[in-house]
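> Annotations per TrEMBL:
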type     : residues : note
COMPBIAS : 1-10     : compositional bias 'Polar residues'
COMPBIAS : 22-31    : compositional bias 'Polar residues'
COMPBIAS : 32-42    : compositional bias 'Basic and acidic residues'
COMPBIAS : 225-243  : compositional bias 'Acidic residues'
REGION   : 1-42     : region 'Disordered'
REGION   : 93-114   : region 'Disordered'
REGION   : 218-247  : region 'Disordered'
REPEAT   : 195-225  : repeat 'WD'
REPEAT   : 257-298  : repeat 'WD'
REPEAT   : 299-340  : repeat 'WD'
REPEAT   : 343-383  : repeat 'WD'
Amino acid sequence: MPVESGNSAAARQVKQKRKSHSLSIRRTNSTEQDRPGMQRDMLEGQDSKLPMALRSNLMDLFGQIEREFENLYIENLELRREIDSLNERLAGEGQTVDGGDLSKGALKTKASHSTSQLSQKLKTTYKASTSKIVSSFKATTSRAVCQLVKEYVGHRDGIWDLAVTRVQPLVLGTASADHCSMLWSIETGKCLLKYAGHAGSVNSIKFHPTEQMALTASGDQTASLDDDVDFSDKDEADGEADGPNECPTIRIATTTLKSHQGVVIAADWLVGGKQVVTASWDRAANLYDVETSELVHALTGHDQELTHCCTHPTQRLVVTSSRDTTFRLWDFRDPSIHSVNVFQGHTDTVTSAVFTVGDNVVSGSDDRTVKVWDLKNMRSPIATIRTDSAVNRISVSANQRIIALPHDNRQVRLFDMSGVRLARLPRSNRQGHRRMVCCSAWNEENQACNLFTCGFDRQAIGWNINIPALLQEK
């Protein structure tokens, strides 16, 4: 009987190993190929109201997500093994140096220092890679809730601006291109009062800090003050009831401010409510005394038309924005000195710049960016938000410090002050804005309806925004 040599036995073992390896590969491939069929069999055996095609798509998506996390997990395991092997090798080199001559003390110190630096760098890289996985789990476990609460319909043209009264009763005010401004009940959505005294588009509306008084700016080159916004006797208002909601109409303003030579695009109250500031296309902003209606200061310096103005909630500061790609900070805290600072942080029209409760200014622009600035050091922004569409009149929540960004592309996005995106308001054919969103305004006193937006689809919308603390801390 022939005896098999050692070489032939070894060759046979290698062939058997190759054969078994190829068999396992074929089994694995066949398993991967049969997986969709297995998933379909599992789906057919389960009781669900979802269509089979939708359930199959969901299973495919979950399978892709699982593979992505599996790849990340394998990558982190490999990185962990590299760190461990490198630490062992460096530790071995350190032991060799320790056993050497004492004259190599400097070499030992240098080697241990470089070893600790490299080890720390690798650990930092590992933590950064794993933190991405942890962040993705946080985002899925706690979501922002954005729900449409009420629609306010009644204007006959696009709505440029809106605001909420600061004293009770809380009402919503809107300014429209139909030459009218309206006051609405937040709860019922009913029009309470209409002001039709302007001869041009109403571009802005703001309410007095402590009284029921409205300030509107118009394309007829004027700004109007109206203190007849008490709704207890609204049936006695001048004018006839007209419009879809049949609300009473006022046609004569209490006070009219005239000194601009162009469209008045925005207006706001200074802290205390004794003075107002207006911004115009005549490249100037004017400061008026409310009681006498006299012009106190003309704020000039912008090279092109102004687009917005805003006042600080607690200090005598004004910020104006312009089409010249800049915004300016005007300081009236010292009566004898009126200083101005120019900021050039954008590459296109600055559509709005607003103060926050703290020491920040937030600016939005047609260059599709929003920037957060620190009043103490405004050489460069502390955060920059880049978007896919031009940004219109932004607003910042005083309580939650959330920035609401209305866009030309009908979207409204929410960001925190560090530039992290928190949510996007839902929009479809049945809800949300159907045309450009012009403005946003927060309502800190009503948790059920705490954000309002308006657009050129002739409607204002009230939203309930609930941002979990987990998302705001990210």
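Even glycines carry a Cβ here, placed using N, Cα and C.
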> Pop the mean pLDDT for the repeat 'WD' (343-383) in here, whole number is fine.
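Computed over the repeat 'WD' (343-383), the mean pLDDT is 93 on the 0 to 100 scale.
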> When secondary structure is assigned with DSSP, how many helix, strand and coil residues does the repeat 'WD' (343-383) contain?
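Summed by class, the stretch gives 0 helix, 21 strand, 20 coil.
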> Per DSSP, what is the residue tally for the repeat 'WD' (257-298) in helix, strand and coil?
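Secondary-structure breakdown of the repeat 'WD' (257-298): 0 helix, 24 strand, 18 coil.
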